[in-house]
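What follows is one structure encoded as structure tokens, with my remarks underneath.
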Amino acid sequence: MTVKVLVVDDSAFFRRRVTEILEDNTNIKVIGSANNGEEAVEQSRTLKPDVITMDIEMPVMNGIDAVKAIMSSNPCPILMFSSLTHEGATATLNALEAGAADFLPKKFEDIARNRDEAVKTLQDRVIAIARQPVSRTSARASTPPPVAKQPERSSEPTTALDRIRQRNNELQSQRESDARTATSAGALTINRAYQLLAIGTSTGGPVALQKILTQLPGNFPYPIVMVQHMPAAFTKAFSQRLDGLCQVHVKEAEDGDVLKAGTAYLAPGGKQMMVEGRPGSARLRIKDDTSGRITYKPSVDLTFASLSKTYMGKVLGVILTGMGADGRDGSRMLKDQGATIWAQDQASCVVYGMPQAVAQAGISTRSISLEGMAKAIMKEVGYSGL
């Protein structure tokens, strides 16, 4: 099957280079180009491409608005190009939430210096997302609304009595919050078979993680460690976004973090995250990987392998949507220790690569839709009445 691609960018140079790279592959054909979002919307309607590559910052109509328009009228897998800045990361996350399938950093120097790698990466991504069905009403739109968090106090108490009053107020607010959470999530009888939830994902992962984490209650009984293939500039912005949306606390993992129940730790981009110590006092170790032997930074395999030594079989591991097979070897090590491994089902994946790898290897025991994953996790860890 030949993948028909529409290339959208306000830079004529970048459009030419992307076209050259894609047409190096006989399975890809560029059928058109556009220099702004408005043209992209119109050409998606007339040309009916299999995949669209899209810049974010463009005149007339930006990439995010174009994604929204295309996904509501002529849905098509869209690969975004993004700058490696905090602002670029935020815009990219907005595009993914609007319905884009995946993104790549927009790095002109890589195209010039590492052409072979740039060619393979772009071609592989386009072919991978072209194989997945899309719908007019994207699953991204059904993410639960943001959960209001307790506002931070703007001033410090001035006397000991003020401090006591403030602390009592905080405790009362926390008790009320916990009561609301327990009521909405059902009664909790902690499943002692587990002490940690571990999630690994790649392409399509930002939306999948947001979908799951926004449904977990603030009194979630275990720490959560997450590995998402993502550049270094993106993981901070992504963790901050999730923290603002979720009842559980979400943070970008830092070296030395002690794992705490109800907190989700996102592996920082460009580095490797391992867990050391013992359950109850385990710490995160964030390390640079200069060996050149590991393709992914961060790597699901490395994180899961470290968990097999620290938490052994007391882990519920979940492999979500993503290209390749990262997570298969680490999941096997966890399963050998008695851990439980689940995979996202094919129908709800953006790319059925990583989940397929653990399923075909006989490592995962269940395949679950993205829509049902959070509820399945909560039932498994001990919430009743769901």
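Count begins at 1; order follows the chain as displayed.
The backbone N, Cα and C atoms fix where each Cβ goes, and this holds for glycine too.
Swiss-Prot lists 4-121 with the feature domain 'Response regulatory', giving sequence analysis as the kind of evidence. The annotation 4-aspartylphosphate is assigned in Swiss-Prot to ASP55. According to Swiss-Prot, the region 'Disordered' annotation covers 133-161. Annotation comment: Swiss-Prot describes 190-384 as domain 'CheB-type methylesterase'. The active site feature in Swiss-Prot is assigned to SER202, HIS229, ASP326.
In this structure, the CA atom of ASP326 (active site) is 9 Å away from the CA atom of SER202 (active site). SER202 (active site) sits 5 Å from HIS229 (active site), taking the CA atoms of both as reference points.
Non-local neighbourhood of ASP55 (4-aspartylphosphate): VAL8, ASP9, ASP10, SER11, PHE14, GLY63, MET80, PHE81, LYS106, each in the same chain, at least six residues away, with C-beta under 8 Å from its C-beta. The secondary structure of SER202 (active site), as reduced to three states from DSSP, is coil rather than helix or strand.
Around the Cβ of HIS229 (active site), a 10 Å sphere holds 23 further Cβ atoms from the protein chains shown.
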